[in-house]
Amino acid sequence: MADVSTSMRLKLPVVCFILEIILIILFGALVQYDYETDAKEWHNQSHNDYENDFYFRYPSFQDVHVMIFIGFGFLMTFLQKYGFGSVGFNFLIAAFSLQWATLMQGFFHGMHGGKIHVGVESMINADFCTGSVLISFGAVLGKTSPIQLLTMAMFEVTLFAVNEFILLSLLGTRDAGGSMTIHTFGAYFGLMVTRILYRPHLDKSKHRNSSVYHSDLFAMIGTIYLWMFWPSFNSAITAHGDDQHRTALNTYYSLAACTLATYGMSAVTSHDGKLDMVHIQNAALAGGVAVGTAGEMMLTPFGSMIVGFLAGIISVLGFKFLSPILESKLKIQDTCGVHNLHGMPGVLGAIVGAVTAALATMDVYGKGMEDVFPAVADGSIDASKQGGVQALSLAITLGIALLGGLIVVFGTPPDTLCFEDGVYWEVPESEAPHEAQLTTVRTEETEKLSS
């Protein structure tokens with residue numbers, strides 16, 4: 001089935017082996033356990049084993065890890081003939097990205113004695129970075145080769161770490177749930193990549209750029225996993241105690257309100273007042289994205305529900321009206337609609353975070369101001385300036401993401417072969433008659449395009 005241009009017999013093994021060998025060498029030279037992981041360092045100090053950060057952070061890490069490998073992977077299985085590619089390539093680029101992210105984040109966020117120290121929190125942060133890459137993957141789903149995806153991941157992880165360093169370390173931005181650093185960055189990076197990869201003849205594969213009953217059901221599995229674990233995602237690296245508790249609670253109510261808004265808007269905007277599974281699979285998650293920045297702040301359950309409600313409405317409207325405009329006018333072919341699930345809700349979350357930060361007072365936060373806004377607590381800046389920093393961070397994130405998406409890519413499958421597993425995967429024998437039929441169609445379409 002695969003022709004010369006899509007064969008991976010040589011290219012993929014070479015790229016995978018070279019990348020992994022380089023990673024192993026770099027890990028050997030630069031990475032070591034942190035003091036809570038190292039046997040000698042841990043036992044040189046006087047403390048109870050249950051004080052180890054592992055017992056506080058690992059439950060959240062488990063949830064985040066499930067979101068990365070099952071949630072994101074299955075959410076993208078809605079394409080009728082691209083289930084292997086959705087879950088399989090998600091697995092591939094996530095495995096690479098979390099290793100590369102460990103190095104890049106460790107390098108930019110400070111090395112100790114010339115070494116990158118790793119522990120459970122660095123694992124969570126690497127998964128966060130990987131999540132941003134998978135968001136971008138959603139924008140180009142079905143239109144890229146594994147080599148392209150690994151190339152994109154390498155560039156994006158590096159730029160993610162740069163953006164994260166500028167925001168969190170230099171500016172003191174608060175973004176625990178990643179509305180800006182993860183969702184906005186990943187969405188607009190992916191949108192720029194898919195714009196650069198614009199395919200004028202992609203309509204030749206439009207009959208495969210759709211779902212069937214069982215593929216939508218599989219995608220809904222991803223949605224449910226993401227929905228259930230999103231409170232852990234947003235609260236995973238916040239300060240222990242009230243901060244983590246508050247973040248999970250705010251996310252919980254934002255998601256619930258978003259879901260009702262999604263169902264309502266889907267019925268209003270869809271044909272004959274019926275629900276559109278695309279809306280339910282995606283827009284119901286927008287509340288988790290939109291509350292990511294302000295989740296650890298004193299947003300209140302009431303405020304969280306408003307944010308989630310607005311996010312659901314915006315997301316559904318984006319799927320219904322904005323996505324067709326982006327494709328027809330701006331030539332942005334966003335396969336999974338990441339602009340509607342991650343892009344616009346991420347921007348909304350950044351704005352909500354900026355406003356909430358600007359309104360922060362000691363009367364509301366008390367001594368808790370030290371955890372949420374340490375620069376405000378120590379008098380370095382006032383709350384209004386913190387709000388300005390949050391707004392500036394959104395602009396910086398958008399700039400780096402859009403410019404970073406201008407990367408050189410190669411090895412793309414032909415327009416007639418997009419959204420199809422058979423290009424890169426061995427499919428079960430039961431699919432053989434269908435594949436044989438598609439081979440004839442491909443030949444005819446290729447001849448038409450060449451003429």
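Cβ coordinates are placed from backbone N, Cα and C, and glycine is handled just like the others.
Going by Swiss-Prot topology annotations, H245 is found across the membrane from L330. N44 is the residue among N44, N209 that Swiss-Prot labels N-linked glycosylation site. At the 8 Å Cβ cutoff, the transmembrane segment (177-197) and the transmembrane segment (64-84) share fewer than 3 close pairs (sequence separation 6 or more) and do not count as touching. Stretch with the largest number of CB pairs closer than 8 A to the transmembrane segment (64-84), among 152-172, 217-237, 299-319: 217-237.
As a summary of secondary structure, the topological domain 'Extracellular' (109-121) carries 2 helix, 5 strand, 6 coil according to DSSP.
Within its own chain, the transmembrane segment (391-411) has Cβ neighbours under 8 Å at 5-6, 11, 144-145, 147-148, 151-152, 155-156, 159, 162-163, 166-167, 171, 173, 175, 180-181, 184-193, 195-197, 347, 350-351, 354, counting only residues six or more beyond its boundaries. Among residues of the same chain six or more beyond the topological domain 'Extracellular' (173-176), those with a C-beta under 8 A of the stretch's C-beta atoms are 167, 234-235, 237-238, 247, 292-293, 295-297, 350, 353, 357, 372-373, 386, 389-390, 393.
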